[in-house]
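Asker: Quick paste from TrEMBL:
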TRANSMEM  B:31-54  transmembrane segment
TRANSMEM  B:61-82  transmembrane segment
TRANSMEM  B:88-106  transmembrane segment
TRANSMEM  B:142-158  transmembrane segment
TRANSMEM  B:188-210  transmembrane segment
TRANSMEM  B:222-246  transmembrane segment
TRANSMEM  B:258-283  transmembrane segment
Amino acid sequence: MAAPVVATGLTLVVGSLLFAALGYDPLATLQAFFIAPLNSLNGLSEWLLKASPLILIACGLAVGFRANVWNIGAEGQLIVGAIAACGVGLFYPNPESPILLPLMVLAGACGGMAWAAIPAFLRARMNTNEILVTLMLTYIATLLLSWLVHGPWRDPAGFNYPQTALLSAAAMFEPFDYAYRLNASVFITVVAVFLMWLFTDRSFLGYKMSVSGAAPLAARYAGFRESSAVWIGLLAGGAAAGVAGMAEVAGPLGQLSPQISPGYGFAAIIVAFIGRLNAFGIVLGGLLMSLLFLGGEAVQMNLGLSAALTRIFQGILLFFLLAADFFIFYRLRRIPEHA
Amino acid sequence: MDLFIAIFTGTIIAATPLIFAALGELVVEKSGVLNLGIEGMMLIGAAFAFWAVIAGLPMPVAILAGALGGAAASLLFGVLALTFLTNQYAAGLALAIFGSGVSAFLGRNFGSAPIDALDRISIPFLSDIPVIGPMFFRFDPMVYFAIVMFAVISWFLYRTKGGLILRTIGESPETAHAIGYPVIRIRYLAVLFGGLMAGLAGAYLSVAYTPLWVENMTAGKGWISLALVVFATWRPLRVLLGAWLFGGMTILQLQGQALGIAVPSELLSALPYLATIVVLVIISQNRQMLALHFPASLAKPFRPAT
């Protein structure tokens, strides 16, 4: 558990050096980046709102990462999930139906899984590297979304903006309080965290997945097929990302536009690692990562700094985390001379 | 005929950044290291070069700045992957994310004005030959430099002792270490070289190919370069052919959009990514050829036992 804490601390140190180098008072900027955003109820609501998709996706991805299945295209699966869910929300015959929202959750999961099934099939049956395929599919998903909102799904009453019509009230999660944006979709994340814990820590299948990641030969000897790990790993990530996309479109967004995610799919990869690929850690990692997103927005608005700082911090955090692992794994100790 | 020449030269130009990046990664992977961060190194290279041009530095210095930016970024990966023995997938991903952040941060004040692109040179006499001249002898110097780098790398890998050592390390670092070669140091050099080449590729994008600043201007070219190395089954000539194939794909879809072909422009834009997947699937079928040329120690951390 030490490595993530050390990495976070070092990231803060580098961050303050960076702020100082840019000519900002480091302490005041750190305060503006990491503390000020949480100083209000609205800030707390935004914090959880952004942490929710990150944690949800990271839980799904971690199932695959444990088995050495490298799905790095969650961003694309999120987009396709959002498209599928929004499609149901827009075109379901009865826009007031109470089953509309559950249907959309299902559609989001199916959309994400369908997008993840492509690399799963190609890896399991055609021996094709899933890293590159999931990434290429992310670019394609972005283009698909762009085509839909510029073309067939564009809101005719939308003044030519590239966006769909707004979803009906029944097709959206109700906020807990209309003053803030946090909504019931966080419960999906809570359930996902529990399921993920159940799967990885309490199920035989989850155990076999871990074995096939840590010791592929042993797993094969025990009769566990690699292709099952590939399918389960990718579909878990796809389903989680798809539902996260659904929750974005049926929550804070309310409609599709060309850009629906600030990079949740990529950031979730880092969250999964910070969280040590286990459920409890991922929750903490997601909260931290969400704060990085909030802080980036806050210093952009208040100090005129670039929101690109968020991605820089994400990268640095992951660098330090990986490096910290080394010092924990290979613990340094003095060797007596002439030993 | 003019259209043919335009497509031909466009293909060569579009392939140039891919050639730089993929050849650099080829050398890295031949040493047994997998650096997934090409996209990030390219973006940093692109930002550094563009920055240098805006600052009024001469073009060669700007391109050098791009290359050095890529190399500096690769060093971050090197320290993690080679000294700290981290998972190379994760370290490469971190570099990709970090690089896109750094380049966007540097680029926040670049504005949207185009710069004067790298000049093309007309080789005397040769460039005046009809058809042949415009097809082969009127490119900017970087296009020729990419071909030179291809020749140098092919020669180095397969005709020099240094290349043999590098490939040995990629196959079996234990053996190379036992013979007495400094595995980690050579891998560092390979990673730095890969960063240099990715930086060049990025610099080419921002000062020659599309001489204006757009955030995330590489648009997946770094990842496509990674795919090209697999497609090429780790052989330089096939990297070159693959880059031209993808360059041609890019130009054809741009021509298609310009001609107003009655399909959505997004579909045409998706073609290079689709093609990458298709090509990867096809190449993955030939397990024997992959196994033959695949550097056996790829992405496996190595720590010399002292």
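Every residue, even glycine, has its Cβ placed from backbone N, Cα and C.
TrEMBL entries are annotated by machine, without manual review.
Surface or core, plus neighbours and distances: that's what I need for these features.
Answerer: Remote same-chain partners of the transmembrane segment (B:31-54), defined as residues 6 or more beyond its termini with a Cβ less than 8 Å from a stretch Cβ, comprise 17, 21, 24-25, 61-63, 65-70, 72-74, 77, 81-82, 88-89, 91-100, 102-103, 106-107, 110, 115-116, 166, 169-171, 173, 186-187, 190-191, 194-195, 198-203, 205-207, 213, 216-218, 220-223, 225-226, 295-300, 302.
With a threshold of 8 Å between CB atoms, the same-chain residues lying at least 6 positions outside the transmembrane segment (B:88-106) that come near it are 33-44, 46-48, 51, 73-74, 76-77, 80-81, 215-216, 222, 299, 301.
Remote same-chain residues near the transmembrane segment (B:188-210) are listed as 13-14, 16-21, 23-25, 27-28, 30-31, 33, 35, 38, 41-50, 53, 59, 62-63, 65-75, 77-78, 81-82, 115, 117-118, 140, 142, 149, 166, 217-218, 221-222, 225 (criterion: CB distance under 8 Å, separation of at least six residues from the stretch ends).
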Asker: Report, as numbers and ranges, which residues of the same chain sit near the transmembrane segment (B:61-82): CB under 8 Å and 6 or more residues beyond its ends.
Answerer: 33, 35, 37, 40-42, 44-53, 88, 91-92, 94-95, 98-99, 102, 118, 142, 184, 187-188, 191-192, 194-204, 206-207, 301
